[in-house]
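A.B. asks: Please see the structure below; I have some questions.
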Amino acid sequence: MGPRALLLLLSGVLILTETRAGSHSLRYFSTAVSRPGLGEPRYLEVGYVDDTQFVQFDSDAPNPRMEPRARWVEQEGPEYWDRNTRNAKGNAQSFRVNLNTLRGYYNQSEAGSHTLQWMSGCDVGPDGALRRGFMQYGYDGRDYLALNEDLRSWTAGETEAQITKRKWEAAGYAEVQRNYLEGECVEWLRRYLENGKDTLLRADPPKAHVTHHPISGREVTLRCWALGFYPEEISLTWQHDGEDQTQDMELVETRPSGDGTFQKWAALVVPSGDEQRYTCRVQHEGLQEPLTLRWEPPQPSFLTMGIIVGLVLLVVTGAVVAGVVICMKKRSGEKGGNYIQASSSDSAQGSDVSLTVPKV
């Protein structure tokens, strides 16, 4: 399984909760996948500030270390990277032990591959104060155990998780997590936001347009595109004569563009000929005001119009020239054959002159 597949696993059972405008989040995601007969489980850990990945650890790397994934975190000193590498390696070992323990809880054989996922993080409001902390575990794609919003108790997702819940309650593990989330997590988030403010606090507005896709003679699909925006949160809504059509439209998940920005589209099937009655409303914090877009039928380009005008002139000119030639031939015939054929050296000049429209 490649790094991309492992990263996709991170967003499977562990649900990403949206941050509101003006708020920010620090999140760490970890995944361990057992692979019987192929050695130790693979462990991957990534860190995000808002929608931006800034660190990554991969146990399968030639020299496994916590590595930067954003320029603004590269300024951290060697002690930072050594400490986070030690923490990641310790987490990897804990995950390997936990995979074996959970396999026993579920009475599973050693032959199958299993996945353990973990997410931990904090959200702060515009004032920088903690708004919410969270920690979740997932096993084989299902919720296993989660810290409640009070940061003092746990919710078990499955019967087998009750065993872990009792252990953690006895050990006071909720208090340990609460102290981290209310203290260290918030402090590091503030530091990252300050160091990476040029990137993390920016608001890139979307570039939006509508495309037209005929389905049949009676229906077409209108697709509203929003490209190149940051942060991730955006709203696309189709309207018919001003009324929202959210129930009927197809809306894809926001996707990374690969350059630090995001993209999204919303589509709606409409009757052919009624396209101008439908508008797409785009809302994003990078916009001073929402955009309202319609599908614009393609207009003939300047080049196309020039070609058309040129062809018309050519046809008209050709007709005039043909008329002049016929007239001259008739006159020559009337004068008894005084027409003299031009030499080959004169014929090129004659052709240029003949393209001139004669005065009348």
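Glycine is treated like the rest: Cβ placed from N, Cα and C.
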A.B. asks: Going by Swiss-Prot, tell me which one of Cys224, Cys327 is disulfide-bonded to Cys280.
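C.D. replies: Recorded disulfide partner of Cys280 in Swiss-Prot: Cys224.
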A.B. asks: Of all the recorded positions given, namely Asn107, Cys224, Cys280, which is spatially nearest to Cys185 (disulfide bond) at the Cα level?
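C.D. replies: Nearest listed residue in space: Asn107.
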A.B. asks: Residue counts in helix (H, G, I), strand (E, B) and coil for the region 'Alpha-2' (112-203), per DSSP?
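C.D. replies: Across the region 'Alpha-2' (112-203), DSSP assigns the residues as follows: 38 helix, 29 strand, 25 coil.
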A.B. asks: How many Å separate the Cα atoms of Cys280 (disulfide bond) and Cys122 (disulfide bond)?
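C.D. replies: Counting only the Cα atoms, the answer is 34 Å.
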